[in-house]
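Sharing a structure here in structure tokens format.
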Amino acid sequence: MASHAHAHAPTSGSMLVLLPAALYVASVAGWAFLELYAQSGFEHGERRYDWSIESLSDLGVDYRQVHPLKHYNVTSHRFAAQNYNFFQAGAIFAVAQLVLLYASRTRATQHTATLRTFRFLLTLLFAAGMLLLGCIHGGPREKFWKIIGWHWTGLALVSIAGNLNSILSALVATHLGRHESPTAFRALSLGLGMSGLYSFYRFLALPEWDWKTPVGLWQRGSIYPVLAWELLSAISIIVSTSRGGSSKPKRA
């Protein structure tokens, strides 16, 4: 009886994988709260906040914006919340990813070693991108100072690195650490990654901006799939860990 109970007890490796699951959930929940909080302090000329037009970048600008792209002035009174949002999203994503890579190290093969290294680099680029988004704002003042390019570089890093990571996780069966990644997880990861990259392409392909350009729609469409992937990963980790406590891990 004791040996049977021991067989179903979660191993230290399985428990370690639960840490990034908790981090993913905390980061996504924090993002939702902080963005909504920042939106509630956004002063503009419309009756309601239009998330498809007003961008995440506008939420983080720490001064009153007066520029020809809009037919009204905008002020994000809670800009600090959105900038902190960028920081926490990058930092927590990086920690969770590194823990996942560490937890799955014993299952790495020569075939997956290159993909794991690539995902490690993508993790660092994603975190660096979020740091740039939070440190250098995307407003007219930065455009005048000719440093706004760093803000858009941050968006590019977040969008490309984050969504490529989602796609690569669909190719690596050992993404969830000790247990095999479910087919549904891998299919959804691929779909989310492709959706995010397509949205970033649409963002880059936008015509000359005016006050009706859907900047917010395609900018959010570049980042939200990464957040959705984090939540998907957390759910898959929890389910795989709870179901696989008594099974021997398969080698990839």
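Even glycines carry a Cβ here, placed using N, Cα and C.
Sharing the feature lines straight out of TrEMBL:
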TRANSMEM  12-34  transmembrane segment
TRANSMEM  86-105  transmembrane segment
TRANSMEM  117-139  transmembrane segment
TRANSMEM  151-172  transmembrane segment
TRANSMEM  184-203  transmembrane segment
TRANSMEM  223-241  transmembrane segment
Take a look at 12-34, 86-105, 117-139, 184-203, 223-241 and tell me which one has the most Cβ pairs under 8 Å to the transmembrane segment (151-172).
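Against the transmembrane segment (151-172), the leading stretch is 117-139.
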Where else in the chain does the transmembrane segment (223-241) make close Cβ contacts, counting only residues six or more beyond its ends and a cut-off under 8 Å?
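Tertiary neighbours of the transmembrane segment (223-241) are 10, 14-15, 17-18, 20-22, 24-25, 27-28, 31, 56, 89, 93, 96, 100, 126, 158-159, 162-163, 165-166, 169, 175-182, 185, 188-189, 192-193, 195-196, 199.
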Please give the sequence-distant neighbours of the transmembrane segment (117-139): residues at least 6 beyond its ends with Cβ less than 8 Å from one of its Cβ atoms.
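That would be 55-58, 60-63, 65, 67, 83-87, 89-91, 93-94, 97-98, 101, 147-148, 150-162, 164-165, 168-169, 172, 226.
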Restricting to the same chain and to residues at least six past its boundaries, which positions have a Cβ under 8 Å from a Cβ of the transmembrane segment (86-105)?
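Those are 13, 16-17, 19-20, 23-24, 26-27, 30-31, 34, 60, 116, 119-120, 123-124, 126-131, 133-134, 158, 162, 165, 174-178, 226-227, 230, 233, in sequence order.
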